[in-house]
Amino acid sequence: FQGIFVLGLPYALLHSGYGGLFLIVSAAALCCYTGKILIACLYEENEDGQLVRVRDTYEDIANACCRKLSPRLGGIFVSVTQVTELIMTCVLYLVVSGNLLSHSFPHVPVTEKTWSVMAFVALLPCVFIKTLKIVSKLSQLCSLVHLLIILVVMTYCLTQIHRWSWAKFRLSLEFEDFLVSVGVIIFSYTSQIFLPTLEGNMKNPGEFSCMLNWTHFFACVLKTSFALTAFLTWGEETKEVITDNLPSLLQTLVNLCLLTKALLSYPLPFFAATEILYACISGGSRSNYGSPLCALGVRGSFLLITLLMATFIPHFALLMGLTGSVTGAAMTFLLPSLFHLKLKWKKLSLSEKCADISVFILGFLCSIAGLVCSIKGLLEVFG
């Protein structure tokens with residue numbers, strides 16, 4: 001939940017004002033809710049009225065909903081959507097790594113693309129990752145690095161408390177600027193594509209709902225505190241990535257920490273994507289690779305594809321926004337609410353049905369608005 005995009009939250013507040021603070025809180029509640037209903041779709045009641053896990057993945061849920069149309073149609077759609085988003089996420093980490101290295105060592109005569117290749121070399125051991133347990137340990141280190149970054153930035157902001165002023169918050173909003181903020185805030189909470197695997201690997205899956213409540217609560221508190229202190233410090237001078245506002249020496253130190261975080265963040269989407277790809281290729285279950293050589297081939301090919309995309313795709317940020325507007329909204333809001341309504345309609349109360357329908361409508365509107373803004377940006381760039 002505390003990804004690199006958190007560093008853009010102060011900039012989101014610049015464009016959304018008090019509405020942005022409300023969005024940070026409401027987005028946490030919405031994403032927590034859709035995570036719970038998605039996991040609920042994995043279970044069905046048996047003859048004794050007990051909940052039994054009859055599905056294992058997001059694709060299984062989609063296949064169950066689309067069974068009358070085609071046994072595998074839903075799963076194929078979800079797999080393509082998941083892999084697209086995961087590939088873009090991995091590519092983004094490589095692009096960010098190259099950008100951070102070039103800004104940290106500006107006097108070294110090396111291009112950003114070359115720095116990205118160097119970051120790629122550091123990620124080569126990812127081809128040997130076989131279990132989620134290894135990924136979880138890397139993610140734990142990533143979280144510690146991120147907390148260090150947040151601590152450094154917030155400590156600096158607290159030393160500038162004499163500059164703070166609530167007058168910096170805007171009351172009037174420009175619609176397009178507000179949409180940008182909506183995208184940044186909502187998609188900083190998205191995790192739905194990882195949740196079925198995560199819940200299935202928990203020692204006690206019964207604690208999943210409690211875990212989701214607490215993680216979203218603490219994520220919300222941390223995001224609000226960080227965004228608020230940073231924005232109150234720099235106000236109208238707040239930059240897209242808040243670390244760019246820091247003094248040069250501190251900025252270099254934080255950039256190197258961010259680089260470490262980006263490299264440690266890569267294995268999670270990488271592992272998830274390669275598991276999906278191998279399941280599609282083999283037609284078997286994930287994590288049960290029939291051939292070690294085949295497993296290395298899938299992981300190595302995926303790693304190389306992300307490098308090529310990071311090196312050759314122009315205007316990646318806009319393409320990422322375009323992809324995120326479609327896949328992010330679909331995986332986070334549209335599909336969980338739609339699947340929940342489809343599979344649990346007879347057992348849902350009126351209030352639960354209304355909640356799911358409301359979430360679906362909200363996700364649809366966010367997706368359309370983000371799509372329009374991203375396409376508009378691409379058209380402006382390409383003249």
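Using the three backbone atoms N, Cα and C, a Cβ is placed for every residue, glycine included.
When the ranges 10-30, 178-198 are checked against TrEMBL, the one recorded as transmembrane segment is 178-198. When Cβ-Cβ distances below 8 Å are used as the criterion, the transmembrane segment (253-281) is approached by residues 3-4, 7, 59, 79, 82-83, 86-87, 89-90, 93-94, 96-97, 100-101, 103-104, 119, 122-123, 126, 129, 132, 134-135, 138-139, 141-142, 145-146, 148-149, 152-153, 193-194, 197, 243, 246, 287, 289, 294-295, 298-299, 302-303, 306 of the same chain, each at least six residues removed from its ends. When the stretches 115-132, 144-166, 178-198, 359-379 are ranked by Cβ pairs under 8 Å to the transmembrane segment (293-313), first place goes to 115-132.
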